[in-house]
Each structure stands twice: as structure tokens, then as C-alpha cells.
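Colleague: Could you have a look at this structure, given as C-alpha cells, before my questions?
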Amino acid sequence: MIPKQTLSTVQLTVLTAITLLGVQFLILPRVLTVTANSTDGWLTIVAGALYTFVLTCLALYFIGRHHATDLYTYGYMTFGKIGGTLLLFLINVYFWVASSYQIAAMAEMIRFYLLPSTPTSLIKVLTFLLIAYLLSGNLQTILRVSSIIFPLTLLVAGTILVFSFKEMDIGHMNPPFTNGVANVVFNPNGVLFPFEGIEVIYFLLPFVNKKAKPKLAVFSTLVLISIIYIITYLIVVLNLGEREVKTLVWPTISFIQSFETEGIFIERMEGFLLSTWIMQFFSTSVIYSFLSGYSLRKYTKLKKSFSGMAVAVAISMVISLCFQHTLDTRILRLISFYGFEVMLLLPFVYFLIYSVKRKVVR
């Protein structure tokens, strides 16, 4: 199957950015504060954005340098049919885990804040059925849904954050680099975590039209997401303080619950945030499931579009159902994050091995 090359730079930016705004937004203040062991998480975001931009642009350059249309083709060019197929399967495993993690985290959030008596397994099954239904269309269908959810997400998050500025206490902010520089700007578990999801751009390349500029999409995505993350981090930490943020599972939600907005038609705003982020979790999982189904068809006999998508969704659902508790969800997060680090650096491995291979052949 030859994909239709229809994605523009803006559309590629939307799909990439919406993948980044999953679980990270809601747990970012805790993860970065614990990793840096200080209130310097905003500096970690800045450093992470720079590292991620350089790594991603270099990876895109390497893919183009060897005339590979995408990371799938690059794998076959580097390792041959058997090795390329094995790597493609491992990439699939990453997509399955990443998709299942988003829905597992969403189910935990719903159980904790909205429906405490509803089984999380029921929430997961219903969500994956909706994902399968959406994937019965094509990438343009996913893009249309994402183009609605993404601006809505920015609007809701932006409105809530604006109303929360008055609650900030600058006394909660410590001087920069109080506990050293290494944990703030050189710890990969901190600097790369906010941008988990940027690797999907490697796999969306087959769908990009010739006029699109993937590097510009990467730049736009990282700038936009970094601004959102920095503002969110500062507001949450300056309101709750370092010690409290470290102890909260969902610090962003806990902060929104901690204040009331007077003078508007509704005083409690966490309902808007929860509703919006349920859609955000859904959208992120959809993109991972789509890429999983697309890559699955490359090395199996599942040549029909929906058959590959259905199998991918079913596998992700089974993985998600196997992880039912909060500790299980954290295990999924770790697997997903370390898988992301591997995906981010995979083009560098391909480039080195393929360059050596070409010299040996010559």
C-alpha cells in the first residue's frame, strides 16, 4: 500500500504536537521537580527542547541523506529483510505499549476523579472500540478530529492557566541550580520526558507532501509545547510548592482543584480540564494505534487497511487490560519512556551502520 502524501507543514505540526500533549502535561511538574530535586524544572524544559530539536533534525537529515523515504525503509536498507522485519516488530511493540499507556493512564484518572465505582477495564474497552471506529477511516479522518481537539485543548488549558496567575507565590521558587547543574540539564530522564511523542514525525514522513517542511514542523511543535509546559510548571510549582508537588500523582489536576475562580459563571474548572484531557489521551492513543497498524501491514499478510488497524488496537487493548493498578500504569510509563528514547536515537544507529555498510560494499 502506497500512502497518500497529503500532510502539509501545519497538519504535521498538529499531529506531532497533539501526541506530545498526553499524560506529560498532567504529571510534568512532579516528574521534573523530582528529577531535578529543585524548582528548576522550567530550565529542564528549555534544555530538553534544545536537545530534542537538534536530535530530531539530525535524524531527519540522516534519513534524507541516504534517500530513505521513512524509518521503516531505512531499517530494511540497513539490516536487510530479516533484521529490518525484526526491528519493525520491536517498533510495533513500542507503539502498542505507548498507546496502551495513554489509555491506562486515562482510565486511572477517570477512576480517581470522575467515576470511582466504574471498572477501569470497562473504560479501556469502550475507549479502544472508539479508537477502532475512528481508524476505520484514514489519516485525514484522524487529522480532522485532531484539528478540533488540539485548539480546544489549547483554549481550555490557556484559560485555566490565565485565571490561576493570581494564586502564585514567588517564595516557592528557589534560586537556579541550587542542587547542581547535572540533574537539571543533563539527566535524560528529565530533559527528554516532556517531549515524548516527537518521534512520531519519523513515521509520518510517508504521508507528508513534497512542499511540507518537517524540520519547521519540529521547531513549531517544540516551541509551542515548551511555552505551554514552562507556564504550567511555573504556575503549579509557585502555587503548591516543591514539597507538595513531589507527593502528588496528578499535580496539575490537584492544583486546578485547589483554587476557585470567582466572578464567572463557573467557579470550579477542573471539570473542563478533565473532559478536555480525556479527548487528548484519546487522540494521542489514536495516532500511536494508526502508526502501529500501518507498520504492522508492512511485514504481515494484513494488507487491508482496517485489518491491520484492528489487530493493532486489539493488541494495545490486551496490554492495557493486563495493567490494572496505579503501580502497573507506572511500569507502562517507564517502558514507554525508555522505548521513546530508543526510537529517538534509532536513526543515528541506522546512519552509522548503513554508512559503514556502504563503504565496505564499495
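Just so you know, glycine gets a Cβ as well, placed from its N, Cα and C.
Just lifted these from TrEMBL, have a look:
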type     : residues : note
TRANSMEM : 12-29    : transmembrane segment
TRANSMEM : 41-62    : transmembrane segment
TRANSMEM : 74-97    : transmembrane segment
TRANSMEM : 117-135  : transmembrane segment
TRANSMEM : 142-165  : transmembrane segment
TRANSMEM : 185-205  : transmembrane segment
TRANSMEM : 217-240  : transmembrane segment
TRANSMEM : 277-296  : transmembrane segment
TRANSMEM : 308-327  : transmembrane segment
TRANSMEM : 333-353  : transmembrane segment
Colleague: Using Cβ atoms and a strict cutoff of less than 8 Å, what residues sit near the transmembrane segment (41-62) while being 6 or more residues removed from its termini?
Modeller: 28-29, 32-33, 35, 176-177, 184-187, 190-195, 198-199, 201-202, 214-215, 218-219, 222-223, 225-226, 229-230, 233-234, 237, 344-348, 350-351
Colleague: Grab the same-chain neighbours of the transmembrane segment (142-165) for me: Cβ-Cβ under 8 Å, and only residues 6 or more beyond its ends, written as numbers and ranges.
Modeller: 7, 11, 14-15, 17-18, 21, 25, 134-135, 228, 231-232, 235, 239, 255-256, 259, 261, 269, 272-273, 276-277, 279-280, 282-283, 286-287, 290
Colleague: Cβ pairs under 8 Å with the transmembrane segment (117-135): which stretch of 12-29, 185-205, 277-296, 333-353 has the most?
Modeller: 277-296
Colleague: Under 8 angstroms, Cβ to Cβ: which one of 12-29, 74-97, 308-327 has the largest number of such pairs with the transmembrane segment (185-205)?
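Modeller: Most Cβ pairs under 8 Å with the transmembrane segment (185-205) come from 12-29.
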Colleague: Could you give the residue numbers and ranges of same-chain residues that sit at least 6 residues beyond the transmembrane segment (217-240) on either side and whose C-beta is under 8 angstroms from one of its C-beta atoms?
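Modeller: Apart from its flanks, the transmembrane segment (217-240) reaches 9, 12-13, 16-17, 20-21, 24-25, 28-29, 32-33, 39, 41-42, 45-46, 49, 52-53, 56-57, 60, 154, 157, 161, 164-165, 167-170, 172-173, 194-195, 198, 201, 248, 251-252, 254-255, 258-259.
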